[in-house]
Amino acid sequence: VFCRSNGQQCTSDGQCCYGKCMTAFMGKICMR
């Protein structure tokens with residue numbers, strides 16, 4: 001499954017390689 005690294009924008013389903021999808025001022029990004 002395609003996933004995003006920390007600091008990258010989450011996919012629409014919130015798929016992160018590690019960490020969680022969090023809402024930030026720049027949109028949703030993957031964070032630990």
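Heads up, the Cβ atoms here are built off N, Cα and C, so glycines get one too.
According to Swiss-Prot:
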- C3-C17: disulfide bond (DISULFID)
- C10-C21: disulfide bond (DISULFID)
- C16-C30: disulfide bond (DISULFID)
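Each of the disulfide-bonded residues C10, C17 was scored by other CB atoms within 10 A of its CB, and the lowest score goes to C17.
Taking Cβ-Cβ distances under 8 Å and a sequence separation of 6 or more, the neighbours of C3 (disulfide bond) in its chain are T11, Q15, C16, C17. Each of the disulfide-bonded residues C16, C21, C30 was scored by the number of other CB atoms within 10 A of its CB, and the lowest score belongs to C21. The separation of C30 (disulfide bond) from C10 (disulfide bond), Cα to Cα, is 6 Å.
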